[in-house]
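S.K.: Could you have a look at this structure, given as structure tokens, before my questions?
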Ligand code: GLV
């Protein structure tokens, strides 16, 4: 059993274990990957303020996320094709999150279906919705999520068309993998992954196959998005989706103050400052740079969460100090899943909690509600002086 000390250790094992096309799918940004890289490197520009001689007993990371108790202010983001990183991936990740006590978000583009995850896990999970041209299908997705007792609907606003990730095109990404000389050569080196995959029936997009009509290629994320996603999605439609759902809602994919204000008018339970992990608009600012302006504008009206670039408990702490009520992690837990299934997701969560706990303590804080902006040192020009004209 390898000694895992940080998220990067899990990433290295994930890379060795999973087929190249799925590791690359996880580890890609769009076009030049500038935003993908800066999501991570911008966290390094923020420093933490060391404080001493503060009683460190009675520490806790417990909090509430959209009104529900959580072990720490971290949620698992929706990640497409999670069940290709490891057999039954969505079920395993949801189980790990449930046992740990943090929310799990199931993607519309999952391999395990909504019903399958609900039947095979104990805790309610959040469902992430992509809106489709076929309104009946979108309505059915919402009804299915209600029937599965999902505890929040996460509406993604930044992916009505798919940003280009070069590696996915070059690798011929599909679920299940199409057998070509290149993919066979790679799969032949991934026997542990292959053996587990042979033992599961879950190898297709479970929310689509058998549920959506008129799909020409059910194995390709890119042809599905091009053909099916609704390019007319606007704020009026978002309001209608929220009404159809009728429960807790999180609006995900906000990176601009004006959009944050429009979103807050709809009174969601939270918004997520996000650039989709740098996978959509290459050249956009990192999420952490946009956090403070958005919190300043709408933090009094709605909870502001953040994703994109979080790889450690220190990153979570910085985001909380800058006003986020929760940090959503995607790649950080997918590395764990790809490395060692449910145990790897648990390990990823433990690593982050330990880092958060010790960093909080060394900043002189015992509880989440004591975290405030004064524990960070932020460069004066961190947000930058950008001109729109
Ligand atoms: C889908 O959500 C993707 O980013 O690939």
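Note that Cβ sites are derived from N, Cα and C of the backbone, with glycine treated the same way.
The feature domain 'FMN hydroxy acid dehydrogenase' is assigned by TrEMBL to 1-381. What TrEMBL lists as glyoxylate binding site is 25, 165, 276, 279. Marked as FMN binding site by TrEMBL: 78-80, 107, 128, 130, 156, 252, 274, 307-311, 330-331. Residues annotated as active site, proton acceptor in TrEMBL: 276.
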S.K.: Which is it, of 78, 80, 330: the one of these binding-site residues whose Cβ has the most other Cβ atoms within 10 Å?
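M.R.: Comparing the binding-site residues 78, 80, 330, the most crowded Cβ belongs to 78.
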S.K.: Enumerate in sequence order the binding-site residues 25, 165, 274, 330 whose Cβ-atom distance to ligand 1 is under 6 angstroms.
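M.R.: List returned for ligand 1: none.
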S.K.: Of the binding-site residues listed here (25, 165, 276, 279), which is spatially closest to residue 80 (FMN binding site) when Cα positions are compared?
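M.R.: Minimum Cα distance from residue 80 (FMN binding site) across 25, 165, 276, 279 lands on 25.
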S.K.: What are the sequence-distant neighbours of residue 165 (glyoxylate binding site), meaning same chain, six or more residues apart, C-beta distance under 8 angstroms?
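M.R.: In sequence order, the residues whose Cβ lies under 8 Å from that of residue 165 (glyoxylate binding site) (at least 6 apart) are 25, 28, 29, 30, 279.
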S.K.: DSSP three-state call for residue 128 (FMN binding site): helix, strand or coil?
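M.R.: Once the DSSP labels are grouped into three classes, residue 128 (FMN binding site) ends up as strand.
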S.K.: Test of understanding: give the count of other CB atoms lying within 10 angstroms of the CB of residue 128 (FMN binding site).
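M.R.: Step by step: centre on the Cβ of residue 128 (FMN binding site), count other Cβ atoms within 10 Å, giving 24.
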S.K.: Taking the Cβ of each of the binding-site residues and counting other Cβ atoms inside 10 Å, which one has the highest number: 156, 274, 308?
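M.R.: Within the set of binding-site residues, the most crowded position is 308.
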S.K.: Write down the Cα-Cα distance for residue 276 (glyoxylate binding site) and residue 308 (FMN binding site), rounded and given in Å.
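M.R.: Between the Cα atoms of residue 308 (FMN binding site) and residue 276 (glyoxylate binding site), the distance comes to 6 Å.
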S.K.: Can you tell which of 276, 279 has the least company, meaning the fewest other C-beta atoms within 10 angstroms of its C-beta, among these binding-site residues?
M.R.: 279
S.K.: What's the CA to CA span in angstrom from residue 78 (FMN binding site) over to residue 276 (glyoxylate binding site)?
M.R.: 10
